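As structure tokens, the structure follows; a few thoughts come after it.
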Amino acid sequence: MKFPRRIEGSICGTGLLLRRPAPGWQRPTTCTGIGKPRHWSFHTATGRCPRPRSKICLSNGAQFFTVSYPRQHANANAAKLEPSLESSQPVSSKEIDAKNGLPLHEDLDRERERERGNTLSKQDLLDFVGTYNDDDTADFQMRLLKDPYLRGYAAPNGPDLSVSSKKEDSQIPSFEEVTTPNKEERTLLWKLWQAIIRRRRNPLKVEAQYIYHLYCQLPEPRMAYLHSKLRHGLLRSLSYGEKPSAKAMLRYFAVIADVKECGYALLPVEWNMALHLATKHLSVVTEAQVESGLNIWREMEHQANIAANGMTFNILFDSATKAGNFALAEMVYAEMVKRGHSFTRYHHVSLIFFFGLKMESDGVRAAYREMVTAGEIIDNAVLNCVIAAFLRCGEEVEALELYERMKASVENAVHLPAQTDMTQKAVTRVMMMFARVARRHPAMRKEMQAAASLAPDLRTYRILIRHFAINVGRIDKVAKFLNEMRHFQIPVHGGIFLSLFKGFALHGAKAGSDWSPQRLFSVWEAFLQAIDGGADGLYVDTWLALWILRAFEKCGQREMIMDIYEDLRDRWNLPPDRADFMLRFLQGQMKRLGLRIDAGPEPGEAFLSQD
């Protein structure tokens, strides 16, 4: 893919010398006993050519996991003490009823609502998380992080900006003002416009690379042939339905460079998309990406004179939080509050995630309570964020209690369809629309909340399995979650296998351990059946292959590593540079084991040395 050389350095971003990794914390726990083994297998899909099977022959005794369920004690969750405040005010009728053992009016109303239908009130949603501090707010928790003693230092004044929001700036040029194309260019413009329309209807039918290829065939300056509607449609098609990646970022920034060279204005949503791609094009957010986002924000407000909206601040806050720069995240939060931007669903979830990384469980509860009281619709995406935050804070008991409430809320809904990235974005927009309607019409809120799914999904089990397999090493808990995945008919995903193999690589040992070689063979066989059966979201990449080889090395299976490598090489589709990287990794691994291998003629091919 060829890109113009005039992409400005201010958009591509710069790197910082100081990098602050996000703090990590693990709670040590102990494993329970071993119960009766159970089998787990995947049925191969019909109608597909069988892939080569593994060279490892498993015995009849090779099983997946030994499942044991720890006993539930009545005193497992100690009741939390809440401070009682003395008051000189007159005693209300509610307190008199409580002292006499009579039910309160709110409890009676809540019971009547439950009898009418299976709807959840705000108090029911608040009960999902548990107890709260009555006078606690997310803003107070933010100020407490900045100043633990609440000294109350005044914040400095922000810059005084003069922002222009003229509508006519984004409507230039019109259809009559563009460069008159010839017959060939007119045909190319027609193909480009039709491709943009088809991608807007269904992003899966037309790829963004095809649209960019049509755009690059126009003679320079290309933007002179596009009127304003076609220009905005082009930018939207390059970003809509596209997962953030380095290629997507370069395509988008190349078109942005053409727009800026012609002197045309960008819409705020286009600036936000550039900011989103600059900070999220890698799987791990670093300080360099955060600095790139700050440069785009500075250019957006100081050069383009376009004010940052709430989505801009949410992208900056989320990227700073994931990069571990909590001081910058607090500054972005303070600037957003100062400008008076209202919180949306994105802001509330990002705030819950922020307090989880700070390991402040009280802040997590306060942020969740503010989200409920603000009238936002709660679904499993929000509850998954709360579970991840609790696990990060070390409160496994609270996280598992929330997970049990999620299961109990959908006893009748057993089959739940799997969601992709596009459907998840659509569901998020629907939840935001429901919240806006519920604020205008409070009587409709119960129906809106009832439409939201609170059941555990694939993301829930990925969070739980990753924590108990990698951080804790509880294989009995992992087996329990895998059994419940089958109960809810949630399909297997590559992230589940990655957590399992990583758990064997970290906690595996020889025979007699919970992470034994026999269980590793069972997981490996299930992995081959799933990938040969065409499971969605499952493929062999370098990251997964590395942890598979490390798992077999950790469990002392040195004689099988070459066979495992050949099975992986038959099933991966890696570029030559990645295949050579895997070969170098295998050579280093075999050298540690006292063996030597030679490279073959094809990329990634290896043979045991006869020396």
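Just so it is clear, glycine is given a Cβ too, placed from its N, Cα and C backbone atoms.
What TrEMBL lists as region 'Disordered' is 81-119 (among others).
TrEMBL lists 94-117 with the feature compositional bias 'Basic and acidic residues'.
According to TrEMBL, the feature region 'Disordered' maps to 156-178 (among others).
Per TrEMBL, repeat 'PPR' is recorded for 309-343 (among others). With a cut-off of 8 Å between Cβ atoms, the residues of this chain six or more beyond the repeat 'PPR' (309-343) that come close are 20-23, 139, 142, 145-146, 155, 158, 268-269, 271-272, 275-276, 279-280, 284-287, 289-290, 293-294, 297, 300, 350-351, 353-354, 357-358, 370, 374.
Averaged over the repeat 'PPR' (379-409), the predicted model has a pLDDT of 91. According to TrEMBL, the repeat 'PPR' annotation covers 379-409 (among others).
Among the features that TrEMBL reports, repeat 'PPR' is placed at 457-492 (among others).
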Going along the chain, which residues at least six beyond the ends of the repeat 'PPR' (379-409) come within the CB cut-off of under 8 Å?
25, 27, 29, 76-77, 120, 128-130, 348-349, 352-353, 355-357, 359-361, 364, 368, 371, 424, 427-428, 431, 452-457, 459-460, 463-464, 467, 471-472, 484
